[in-house]
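Visitor: Take a look at the following structure, please.
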Amino acid sequence: MEIRAAEISKVIKDQIANFGTDATVTEIGSVLSVGDGIARVHGLDNVQAGEMVEFANGVKGMALNLEADNVGIVIFGSDAAIKEGDQVKRTGTIVDVPVGKGLLGRVVDGLGNPIDGKGPIKADKRMRVEVKAPGIIPRTSVHEPVQTGLKALDALVPVGRGQRELIIGDRQTGKTAVAIDTFINQKAANAGDDESKKLYCIYVAVGQKRSTVAQIVRQLEENGAMEYSIVVAATASEPAPLQFLAPYTGCTMGEFFRDNGMHAVIVYDDLSKQAVAYRQMSLLLRRPPGREAYPGDVFYLHSRLLERAAKMNSDNGSGSLTALPIIETQAGDVSAYIPTNVISITDGQIFLETNLFNAGIRPAINVGLSVSRVGSAAQTKAMKKVSGSIKLELAQYREMEAFAQFGSDLDASTQKLLGRGARLTQLLKQPQFQPMPFEEQTASIFAGTNGYLDTVATTDVSRYEAAMLAYLRSDHPQVLAAIRDSKDLGDDTKKALVAALDAFAKIFA
(Lines of atoms letter the chains of each structure in order from A and count residues from 1; the text may use other names and numbers.)
(Lines give C-alpha, C1' and ligand atoms only; values in the text may rest on other atoms or scores of the structure.)
Protein backbone atom coordinates (compact mmCIF):
# COMPACT_ATOMS: atom_id res chain seq x y z
CA MET A 1 0.00 0.00 0.00
CA GLU A 2 1.48 3.32 -1.09
CA ILE A 3 1.27 6.28 1.27
CA ARG A 4 0.42 9.48 -0.61
CA ALA A 5 1.76 12.32 1.52
CA ALA A 6 0.15 15.04 -0.64
CA GLU A 7 -3.34 13.53 -0.23
CA ILE A 8 -2.94 13.11 3.52
CA SER A 9 -1.72 16.70 3.96
CA LYS A 10 -4.68 17.94 1.85
CA VAL A 11 -7.17 16.05 4.06
CA ILE A 12 -5.53 17.43 7.20
CA LYS A 13 -5.59 20.99 5.78
CA ASP A 14 -9.31 20.61 4.91
CA GLN A 15 -10.05 19.36 8.42
CA ILE A 16 -8.21 22.34 9.92
CA ALA A 17 -9.94 24.84 7.59
CA ASN A 18 -13.43 23.49 8.30
CA PHE A 19 -12.94 23.01 12.03
CA GLY A 20 -16.07 24.12 13.94
CA THR A 21 -15.25 26.93 16.32
CA ASP A 22 -18.59 26.77 18.21
CA ALA A 23 -17.32 24.76 21.14
CA THR A 24 -19.73 24.75 24.08
CA VAL A 25 -18.28 26.05 27.32
CA THR A 26 -20.05 24.98 30.50
CA GLU A 27 -19.06 25.95 33.99
CA ILE A 28 -18.63 22.85 36.09
CA GLY A 29 -18.31 22.54 39.85
CA SER A 30 -17.85 19.64 42.20
CA VAL A 31 -19.91 18.47 45.18
CA LEU A 32 -18.23 19.15 48.53
CA SER A 33 -20.95 17.59 50.69
CA VAL A 34 -24.48 16.31 50.24
CA GLY A 35 -27.27 15.30 52.60
CA ASP A 36 -30.90 16.01 53.54
CA GLY A 37 -31.65 17.26 50.01
CA ILE A 38 -28.95 19.97 50.14
CA ALA A 39 -25.64 19.93 48.23
CA ARG A 40 -22.67 22.22 48.85
CA VAL A 41 -20.87 22.80 45.55
CA HIS A 42 -17.48 24.41 44.87
CA GLY A 43 -16.45 25.94 41.54
CA LEU A 44 -19.69 27.50 40.24
CA ASP A 45 -18.35 31.04 40.62
CA ASN A 46 -20.76 32.77 38.19
CA VAL A 47 -23.98 30.93 39.07
CA GLN A 48 -27.10 33.11 39.51
CA ALA A 49 -29.44 32.97 42.50
CA GLY A 50 -32.35 30.71 41.57
CA GLU A 51 -30.50 29.15 38.61
CA MET A 52 -31.09 25.52 37.67
CA VAL A 53 -28.06 23.23 37.86
CA GLU A 54 -27.71 19.62 36.78
CA PHE A 55 -25.93 16.85 38.65
CA ALA A 56 -23.99 14.05 36.96
CA ASN A 57 -26.91 11.60 37.30
CA GLY A 58 -29.37 14.01 35.62
CA VAL A 59 -31.12 15.22 38.79
CA LYS A 60 -31.81 18.96 38.75
CA GLY A 61 -31.24 21.43 41.55
CA MET A 62 -31.56 25.15 42.26
CA ALA A 63 -28.88 27.47 43.62
CA LEU A 64 -30.25 29.26 46.68
CA ASN A 65 -27.27 30.19 48.87
CA LEU A 66 -24.40 32.01 47.13
CA GLU A 67 -21.51 32.10 49.59
CA ALA A 68 -17.86 33.15 49.34
CA ASP A 69 -16.38 29.69 48.80
CA ASN A 70 -19.33 27.48 47.87
CA VAL A 71 -22.92 27.41 46.63
CA GLY A 72 -25.84 25.90 48.58
CA ILE A 73 -28.05 23.95 46.17
CA VAL A 74 -31.45 22.41 46.92
CA ILE A 75 -32.02 19.16 45.05
CA PHE A 76 -35.27 18.52 43.10
CA GLY A 77 -35.21 14.78 43.59
CA SER A 78 -33.42 12.06 45.51
CA ASP A 79 -29.92 12.80 46.76
CA ALA A 80 -29.16 9.09 47.21
CA ALA A 81 -27.14 8.79 43.98
CA ILE A 82 -25.21 12.05 44.45
CA LYS A 83 -21.85 11.76 46.20
CA GLU A 84 -18.90 13.91 47.16
CA GLY A 85 -16.75 14.84 44.14
CA ASP A 86 -19.58 14.49 41.58
CA GLN A 87 -19.65 17.06 38.80
CA VAL A 88 -22.38 19.72 38.75
CA LYS A 89 -22.96 21.87 35.69
CA ARG A 90 -24.78 25.15 35.24
CA THR A 91 -27.74 25.19 32.87
CA GLY A 92 -27.77 28.98 32.48
CA THR A 93 -31.56 29.11 32.95
CA ILE A 94 -33.72 30.25 35.85
CA VAL A 95 -36.41 27.69 36.81
CA ASP A 96 -39.25 27.83 34.26
CA VAL A 97 -42.38 25.77 33.59
CA PRO A 98 -44.71 25.11 30.63
CA VAL A 99 -47.84 27.30 30.47
CA GLY A 100 -50.94 27.51 28.28
CA LYS A 101 -54.26 25.85 27.62
CA GLY A 102 -52.47 22.58 26.81
CA LEU A 103 -52.13 22.02 30.56
CA LEU A 104 -55.90 22.00 31.19
CA GLY A 105 -57.10 18.60 32.32
CA ARG A 106 -53.60 17.52 33.37
CA VAL A 107 -51.82 16.66 36.62
CA VAL A 108 -48.23 17.91 36.84
CA ASP A 109 -45.46 17.94 39.45
CA GLY A 110 -43.77 20.98 40.98
CA LEU A 111 -41.63 21.49 37.86
CA GLY A 112 -44.52 21.17 35.39
CA ASN A 113 -43.71 17.60 34.30
CA PRO A 114 -46.80 15.41 33.67
CA ILE A 115 -47.47 12.72 36.28
CA ASP A 116 -50.88 11.51 35.05
CA GLY A 117 -49.65 9.07 32.37
CA LYS A 118 -51.39 10.96 29.54
CA GLY A 119 -48.26 11.66 27.51
CA PRO A 120 -46.23 14.84 27.03
CA ILE A 121 -47.77 18.29 27.51
CA LYS A 122 -48.43 20.49 24.47
CA ALA A 123 -47.47 23.85 25.99
CA ASP A 124 -47.76 27.26 24.31
CA LYS A 125 -44.49 28.42 25.85
CA ARG A 126 -42.42 28.33 29.02
CA MET A 127 -42.46 31.05 31.67
CA ARG A 128 -40.27 31.76 34.68
CA VAL A 129 -41.52 30.56 38.03
CA GLU A 130 -40.33 33.64 39.95
CA VAL A 131 -41.47 36.92 38.40
CA LYS A 132 -42.36 40.30 39.86
CA ALA A 133 -46.01 40.93 40.66
CA PRO A 134 -47.82 43.51 38.48
CA GLY A 135 -47.30 47.11 39.61
CA ILE A 136 -49.96 49.56 40.74
CA ILE A 137 -50.70 51.17 37.35
CA PRO A 138 -51.66 48.01 35.36
CA ARG A 139 -54.20 46.98 38.03
CA THR A 140 -57.78 48.01 38.61
CA SER A 141 -60.06 47.47 41.59
CA VAL A 142 -61.90 44.17 41.97
CA HIS A 143 -65.45 44.52 40.63
CA GLU A 144 -66.54 41.19 39.08
CA PRO A 145 -67.82 38.31 41.21
CA VAL A 146 -66.36 34.80 41.41
CA GLN A 147 -69.49 32.68 41.76
CA THR A 148 -68.53 30.04 44.32
CA GLY A 149 -71.98 28.44 44.28
CA LEU A 150 -72.03 28.46 48.11
CA LYS A 151 -74.83 30.59 49.57
CA ALA A 152 -72.89 31.45 52.73
CA LEU A 153 -69.98 32.79 50.66
CA ASP A 154 -71.74 34.52 47.77
CA ALA A 155 -74.16 36.27 50.14
CA LEU A 156 -71.99 37.07 53.16
CA VAL A 157 -68.30 36.81 52.18
CA PRO A 158 -68.25 37.56 48.45
CA VAL A 159 -65.09 36.82 46.47
CA GLY A 160 -64.22 38.94 43.43
CA ARG A 161 -62.05 38.24 40.39
CA GLY A 162 -58.51 39.29 41.29
CA GLN A 163 -59.06 39.03 45.05
CA ARG A 164 -56.99 37.02 47.56
CA GLU A 165 -59.40 35.35 50.00
CA LEU A 166 -57.89 33.14 52.70
CA ILE A 167 -59.64 29.91 53.71
CA ILE A 168 -58.54 29.15 57.27
CA GLY A 169 -59.53 26.47 59.76
CA ASP A 170 -58.47 23.34 61.62
CA ARG A 171 -57.98 19.99 59.92
CA GLN A 172 -61.15 18.26 58.72
CA THR A 173 -63.35 21.36 58.65
CA GLY A 174 -64.06 21.34 54.90
CA LYS A 175 -61.47 23.84 53.62
CA THR A 176 -60.68 21.88 50.46
CA ALA A 177 -64.40 21.18 49.92
CA VAL A 178 -65.08 24.94 49.64
CA ALA A 179 -62.39 25.21 46.95
CA ILE A 180 -63.53 22.12 45.00
CA ASP A 181 -67.18 23.30 45.04
CA THR A 182 -66.00 26.64 43.62
CA PHE A 183 -64.26 24.76 40.76
CA ILE A 184 -67.35 22.63 40.05
CA ASN A 185 -69.57 25.73 39.99
CA GLN A 186 -67.63 27.12 37.00
CA LYS A 187 -68.85 24.29 34.75
CA ALA A 188 -71.77 26.20 33.20
CA ALA A 189 -69.71 29.35 32.52
CA ASN A 190 -66.81 27.36 31.06
CA ALA A 191 -69.13 25.39 28.77
CA GLY A 192 -69.98 28.58 26.83
CA ASP A 193 -67.91 30.45 24.25
CA ASP A 194 -67.67 33.78 26.09
CA GLU A 195 -64.03 33.95 27.26
CA SER A 196 -64.82 36.84 29.64
CA LYS A 197 -67.24 34.63 31.63
CA LYS A 198 -64.92 31.60 31.82
CA LEU A 199 -62.88 30.94 34.94
CA TYR A 200 -60.03 28.45 34.59
CA CYS A 201 -59.12 26.59 37.77
CA ILE A 202 -55.73 25.61 39.20
CA TYR A 203 -55.35 23.43 42.28
CA VAL A 204 -51.93 23.27 43.96
CA ALA A 205 -51.52 20.40 46.44
CA VAL A 206 -48.59 20.97 48.81
CA GLY A 207 -47.54 18.21 51.20
CA GLN A 208 -50.82 16.29 50.78
CA LYS A 209 -51.14 12.51 50.79
CA ARG A 210 -51.12 11.03 47.27
CA SER A 211 -54.43 9.29 48.00
CA THR A 212 -55.99 12.69 48.83
CA VAL A 213 -54.76 14.25 45.57
CA ALA A 214 -56.02 11.23 43.59
CA GLN A 215 -59.42 11.58 45.29
CA ILE A 216 -59.62 15.30 44.41
CA VAL A 217 -58.72 14.59 40.77
CA ARG A 218 -61.41 11.88 40.68
CA GLN A 219 -64.01 14.26 42.16
CA LEU A 220 -63.15 16.91 39.57
CA GLU A 221 -63.41 14.33 36.76
CA GLU A 222 -66.73 12.92 38.02
CA ASN A 223 -68.22 16.42 38.17
CA GLY A 224 -66.91 17.42 34.73
CA ALA A 225 -64.58 20.08 36.15
CA MET A 226 -61.20 18.55 35.24
CA GLU A 227 -61.39 19.69 31.60
CA TYR A 228 -60.89 23.33 32.62
CA SER A 229 -58.61 22.63 35.62
CA ILE A 230 -54.89 22.08 36.21
CA VAL A 231 -53.64 20.13 39.23
CA VAL A 232 -50.09 20.80 40.46
CA ALA A 233 -49.09 18.15 42.99
CA ALA A 234 -46.06 18.22 45.29
CA THR A 235 -47.11 15.47 47.68
CA ALA A 236 -45.79 14.65 51.15
CA SER A 237 -43.27 12.16 49.73
CA GLU A 238 -41.67 14.76 47.41
CA PRO A 239 -38.51 16.60 48.47
CA ALA A 240 -39.04 19.88 50.37
CA PRO A 241 -37.73 22.04 47.47
CA LEU A 242 -40.56 20.81 45.22
CA GLN A 243 -43.14 21.51 47.95
CA PHE A 244 -41.67 25.02 48.26
CA LEU A 245 -41.73 25.56 44.49
CA ALA A 246 -45.17 24.11 43.61
CA PRO A 247 -47.26 27.22 44.54
CA TYR A 248 -45.04 29.41 42.33
CA THR A 249 -45.36 26.88 39.51
CA GLY A 250 -49.16 26.96 39.74
CA CYS A 251 -49.14 30.76 39.98
CA THR A 252 -47.07 31.05 36.78
CA MET A 253 -49.59 28.83 34.96
CA GLY A 254 -52.38 31.10 36.25
CA GLU A 255 -50.52 34.23 35.14
CA PHE A 256 -50.65 33.01 31.54
CA PHE A 257 -54.46 33.35 31.69
CA ARG A 258 -54.30 36.65 33.62
CA ASP A 259 -51.89 38.27 31.15
CA ASN A 260 -53.85 37.14 28.09
CA GLY A 261 -57.18 38.71 29.06
CA MET A 262 -58.60 35.52 30.58
CA HIS A 263 -59.62 34.70 34.15
CA ALA A 264 -58.29 32.03 36.50
CA VAL A 265 -58.69 31.02 40.13
CA ILE A 266 -55.89 29.25 42.00
CA VAL A 267 -56.13 27.32 45.27
CA TYR A 268 -52.98 26.74 47.34
CA ASP A 269 -53.69 23.74 49.58
CA ASP A 270 -52.03 24.57 51.83
CA LEU A 271 -49.50 27.32 52.52
CA SER A 272 -48.79 26.08 56.08
CA LYS A 273 -47.07 23.04 54.57
CA GLN A 274 -45.18 25.22 52.08
CA ALA A 275 -43.86 27.30 54.98
CA VAL A 276 -42.78 24.12 56.79
CA ALA A 277 -40.94 22.92 53.66
CA TYR A 278 -39.26 26.32 53.30
CA ARG A 279 -38.27 26.26 56.99
CA GLN A 280 -36.67 22.85 56.50
CA MET A 281 -34.68 24.07 53.48
CA SER A 282 -33.61 27.29 55.22
CA LEU A 283 -32.41 25.54 58.37
CA LEU A 284 -30.45 22.97 56.34
CA LEU A 285 -28.89 25.85 54.39
CA ARG A 286 -27.91 27.24 57.82
CA ARG A 287 -29.91 30.45 57.49
CA PRO A 288 -30.65 31.98 60.91
CA PRO A 289 -34.04 30.94 62.37
CA GLY A 290 -36.60 33.41 63.72
CA ARG A 291 -40.02 33.04 65.39
CA GLU A 292 -41.19 29.37 65.55
CA ALA A 293 -37.84 28.56 63.81
CA TYR A 294 -39.15 29.99 60.50
CA PRO A 295 -36.58 32.06 58.58
CA GLY A 296 -36.85 35.85 58.59
CA ASP A 297 -38.17 36.01 55.01
CA VAL A 298 -41.14 33.64 55.46
CA PHE A 299 -43.49 36.65 55.20
CA TYR A 300 -41.90 37.55 51.85
CA LEU A 301 -42.27 33.90 50.78
CA HIS A 302 -46.06 34.28 50.91
CA SER A 303 -46.44 37.98 50.06
CA ARG A 304 -44.56 37.72 46.76
CA LEU A 305 -46.71 34.72 45.83
CA LEU A 306 -50.08 36.25 46.74
CA GLU A 307 -49.31 39.68 45.26
CA ARG A 308 -49.24 38.02 41.83
CA ALA A 309 -53.02 37.55 42.06
CA ALA A 310 -54.46 40.70 40.48
CA LYS A 311 -57.25 42.22 38.41
CA MET A 312 -55.70 43.91 35.36
CA ASN A 313 -57.13 47.08 33.80
CA SER A 314 -58.54 47.32 30.26
CA ASP A 315 -55.20 48.54 28.80
CA ASN A 316 -53.64 45.29 30.03
CA GLY A 317 -56.34 42.91 28.78
CA SER A 318 -58.76 42.99 31.76
CA GLY A 319 -57.62 39.52 32.84
CA SER A 320 -57.55 38.37 36.45
CA LEU A 321 -56.00 35.81 38.75
CA THR A 322 -57.92 35.08 41.96
CA ALA A 323 -56.10 33.35 44.82
CA LEU A 324 -57.74 31.17 47.47
CA PRO A 325 -54.87 30.25 49.80
CA ILE A 326 -55.63 27.68 52.50
CA ILE A 327 -54.05 27.74 55.97
CA GLU A 328 -54.46 24.94 58.51
CA THR A 329 -54.59 26.12 62.12
CA GLN A 330 -53.76 24.05 65.20
CA ALA A 331 -56.67 23.92 67.68
CA GLY A 332 -58.22 27.07 66.21
CA ASP A 333 -55.18 29.25 66.97
CA VAL A 334 -55.31 31.98 64.33
CA SER A 335 -52.76 34.11 66.19
CA ALA A 336 -49.85 31.81 65.31
CA TYR A 337 -47.08 33.14 63.07
CA ILE A 338 -48.07 31.87 59.60
CA PRO A 339 -51.86 32.43 59.99
CA THR A 340 -51.37 36.07 61.08
CA ASN A 341 -48.91 36.65 58.23
CA VAL A 342 -51.29 35.36 55.57
CA ILE A 343 -54.34 37.10 57.12
CA SER A 344 -52.45 40.41 56.82
CA ILE A 345 -51.51 39.75 53.17
CA THR A 346 -54.94 38.66 51.92
CA ASP A 347 -58.12 40.69 51.21
CA GLY A 348 -60.25 38.84 53.74
CA GLN A 349 -60.66 35.39 55.23
CA ILE A 350 -63.20 32.60 55.51
CA PHE A 351 -63.08 31.03 59.00
CA LEU A 352 -64.15 27.40 59.24
CA GLU A 353 -64.80 26.02 62.71
CA THR A 354 -64.72 22.46 64.04
CA ASN A 355 -67.67 22.90 66.43
CA LEU A 356 -69.88 24.26 63.62
CA PHE A 357 -68.82 21.36 61.39
CA ASN A 358 -69.63 18.83 64.13
CA ALA A 359 -72.98 20.54 64.76
CA GLY A 360 -73.93 19.78 61.14
CA ILE A 361 -73.59 23.36 59.87
CA ARG A 362 -71.75 22.75 56.61
CA PRO A 363 -70.01 24.61 55.05
CA ALA A 364 -68.82 25.33 58.62
CA ILE A 365 -68.29 29.05 58.02
CA ASN A 366 -68.18 31.31 61.07
CA VAL A 367 -70.14 34.19 59.57
CA GLY A 368 -69.15 36.58 62.36
CA LEU A 369 -65.37 36.22 61.97
CA SER A 370 -65.27 35.75 58.19
CA VAL A 371 -64.85 38.93 56.18
CA SER A 372 -64.28 40.04 52.60
CA ARG A 373 -62.36 43.30 52.33
CA VAL A 374 -63.68 43.76 48.79
CA GLY A 375 -67.25 43.31 50.01
CA SER A 376 -70.30 44.15 47.93
CA ALA A 377 -68.14 45.41 45.02
CA ALA A 378 -67.74 41.71 44.20
CA GLN A 379 -71.48 40.95 44.22
CA THR A 380 -74.14 41.12 41.55
CA LYS A 381 -76.83 43.77 42.12
CA ALA A 382 -79.43 41.09 42.81
CA MET A 383 -77.34 39.42 45.51
CA LYS A 384 -76.42 42.81 47.01
CA LYS A 385 -80.12 43.68 47.41
CA VAL A 386 -81.13 40.44 49.13
CA SER A 387 -78.02 39.80 51.23
CA GLY A 388 -77.81 43.20 52.92
CA SER A 389 -80.34 42.33 55.61
CA ILE A 390 -79.19 38.72 56.17
CA LYS A 391 -75.85 39.91 57.60
CA LEU A 392 -77.61 42.15 60.12
CA GLU A 393 -80.18 39.52 61.08
CA LEU A 394 -77.52 36.85 61.63
CA ALA A 395 -75.40 39.27 63.69
CA GLN A 396 -78.42 40.11 65.89
CA TYR A 397 -79.22 36.38 66.16
CA ARG A 398 -75.70 35.53 67.37
CA GLU A 399 -75.83 38.34 69.94
CA MET A 400 -79.26 37.32 71.23
CA GLU A 401 -78.45 33.60 71.20
CA ALA A 402 -75.86 34.14 73.93
CA PHE A 403 -78.42 35.92 76.17
CA ALA A 404 -81.25 33.50 75.37
CA GLN A 405 -79.35 30.68 77.07
CA PHE A 406 -79.79 32.43 80.44
CA GLY A 407 -83.41 33.61 80.32
CA SER A 408 -86.44 31.47 79.52
CA ASP A 409 -89.16 34.15 79.36
CA LEU A 410 -88.34 36.10 76.20
CA ASP A 411 -90.55 38.75 74.63
CA ALA A 412 -92.20 38.13 71.25
CA SER A 413 -89.79 40.25 69.19
CA THR A 414 -86.75 38.41 70.62
CA GLN A 415 -88.38 35.04 69.98
CA LYS A 416 -89.11 36.09 66.40
CA LEU A 417 -85.51 37.21 65.92
CA LEU A 418 -84.16 33.93 67.33
CA GLY A 419 -86.56 31.91 65.20
CA ARG A 420 -85.59 33.70 62.01
CA GLY A 421 -81.86 33.46 62.83
CA ALA A 422 -82.13 29.70 63.34
CA ARG A 423 -83.97 29.33 60.01
CA LEU A 424 -81.44 31.48 58.13
CA THR A 425 -78.62 29.37 59.59
CA GLN A 426 -80.41 26.28 58.25
CA LEU A 427 -80.91 28.00 54.90
CA LEU A 428 -77.16 28.61 54.50
CA LYS A 429 -76.38 24.89 54.87
CA GLN A 430 -75.46 23.15 51.65
CA PRO A 431 -74.38 19.60 50.70
CA GLN A 432 -70.96 19.05 49.15
CA PHE A 433 -70.66 18.93 45.32
CA GLN A 434 -73.99 20.75 44.94
CA PRO A 435 -73.10 24.37 44.16
CA MET A 436 -76.14 26.54 43.45
CA PRO A 437 -76.57 28.99 40.53
CA PHE A 438 -76.68 32.57 41.76
CA GLU A 439 -80.27 33.21 40.57
CA GLU A 440 -81.47 30.31 42.77
CA GLN A 441 -79.35 31.60 45.67
CA THR A 442 -81.01 35.00 45.25
CA ALA A 443 -84.50 33.45 45.39
CA SER A 444 -83.60 31.34 48.46
CA ILE A 445 -82.15 34.22 50.46
CA PHE A 446 -85.01 36.52 49.40
CA ALA A 447 -87.46 33.97 50.81
CA GLY A 448 -85.45 33.74 54.04
CA THR A 449 -85.15 37.48 54.67
CA ASN A 450 -88.74 38.33 53.71
CA GLY A 451 -90.46 36.13 56.26
CA TYR A 452 -91.47 33.20 54.02
CA LEU A 453 -89.63 30.78 56.32
CA ASP A 454 -91.08 32.16 59.56
CA THR A 455 -94.01 29.73 59.46
CA VAL A 456 -91.85 26.76 58.36
CA ALA A 457 -90.44 24.48 61.07
CA THR A 458 -86.65 24.79 61.42
CA THR A 459 -86.23 21.11 60.52
CA ASP A 460 -88.23 21.65 57.30
CA VAL A 461 -86.17 24.56 55.94
CA SER A 462 -84.04 22.39 53.61
CA ARG A 463 -87.16 20.60 52.31
CA TYR A 464 -88.90 23.97 51.78
CA GLU A 465 -85.94 25.33 49.84
CA ALA A 466 -85.64 22.28 47.55
CA ALA A 467 -89.40 22.26 46.85
CA MET A 468 -89.52 26.04 46.33
CA LEU A 469 -86.65 26.02 43.81
CA ALA A 470 -88.17 23.05 41.97
CA TYR A 471 -91.47 24.97 41.82
CA LEU A 472 -89.76 28.10 40.44
CA ARG A 473 -87.89 26.05 37.81
CA SER A 474 -91.04 24.30 36.61
CA ASP A 475 -93.79 26.94 37.02
CA HIS A 476 -91.92 30.28 36.98
CA PRO A 477 -88.70 29.79 34.97
CA GLN A 478 -89.02 33.35 33.59
CA VAL A 479 -88.38 34.78 37.10
CA LEU A 480 -85.08 32.88 37.45
CA ALA A 481 -84.15 33.76 33.85
CA ALA A 482 -84.79 37.47 34.50
CA ILE A 483 -82.50 37.44 37.56
CA ARG A 484 -79.84 35.45 35.66
CA ASP A 485 -79.84 37.68 32.57
CA SER A 486 -80.10 41.10 34.24
CA LYS A 487 -78.06 40.10 37.35
CA ASP A 488 -80.45 42.45 39.15
CA LEU A 489 -83.69 42.18 41.11
CA GLY A 490 -85.73 44.93 39.42
CA ASP A 491 -89.19 45.99 40.62
CA ASP A 492 -91.01 43.84 38.05
CA THR A 493 -88.87 40.79 38.78
CA LYS A 494 -89.30 41.32 42.52
CA LYS A 495 -93.11 41.49 42.15
CA ALA A 496 -93.09 38.29 40.07
CA LEU A 497 -90.87 36.55 42.66
CA VAL A 498 -93.13 37.66 45.54
CA ALA A 499 -96.21 36.40 43.64
CA ALA A 500 -94.49 33.06 42.94
CA LEU A 501 -93.44 32.64 46.60
CA ASP A 502 -96.95 33.56 47.80
CA ALA A 503 -98.44 30.96 45.45
CA PHE A 504 -95.90 28.35 46.62
CA ALA A 505 -96.64 29.08 50.31
CA LYS A 506 -100.25 27.97 49.73
CA ILE A 507 -99.27 24.59 48.28
CA PHE A 508 -96.30 23.79 50.59
CA ALA A 509 -97.14 21.51 53.46
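Along the chain as shown, residues are numbered 1 onward.
For all residues, glycine too, the Cβ spot is worked out from N, Cα and C.
Here's the feature list from Swiss-Prot:
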BINDING   Gly169, Asp170, Arg171, Gln172, Thr173, Gly174, Lys175, Thr176  ATP binding site
SITE      Ser370  site 'Required for activity'
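I'd like to know what surrounds each of these features in this structure.
Guide: Long-range neighbours of Thr176 (ATP binding site) (same chain, six or more residues apart, CB within less than 8 Å of its CB): Ile216, Val267, Asp269, Ile326. Under DSSP, Thr176 (ATP binding site) is assigned to a helix (H, G or I) in the three-state scheme.
Residue environment of Ser370 (site 'Required for activity') contains 21 other Cβ atoms, counted within 10 Å of its Cβ in all protein chains.
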Visitor: How many Å separate the Cα atoms of Gly174 (ATP binding site) and Ser370 (site 'Required for activity')?
Guide: 15
Visitor: May I have the list of same-chain residues other than Gly169, Asp170, Arg171, Gln172, Thr173, Gly174, Lys175, Thr176 whose Cβ is within 8 Å of the Cβ centroid of the recorded ATP site, in sequence order?
Guide: Glu328, Leu352, Thr354, Phe357, Ala364
Visitor: Determine, to the nearest whole angstrom, how far the Cα atom of Gly169 (ATP binding site) is from the Cα atom of Ser370 (site 'Required for activity').
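Guide: Cα-Cα, rounded: 11 Å.
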Visitor: Name the residue among the binding-site residues Arg171, Lys175 whose Cβ has the smallest number of other Cβ atoms within 10 Å.
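Guide: The binding-site residues Arg171, Lys175 were compared, and Arg171 has the fewest Cβ atoms within 10 Å.
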Visitor: Can you check which residue among the binding-site residues Gln172, Thr173 has the largest number of Cβ atoms within 10 Å of its own?
Guide: Thr173
Visitor: Would you say which of the binding-site residues Gly169, Gly174 has the most Cβ atoms within 10 Å of its own Cβ?
Guide: Gly169
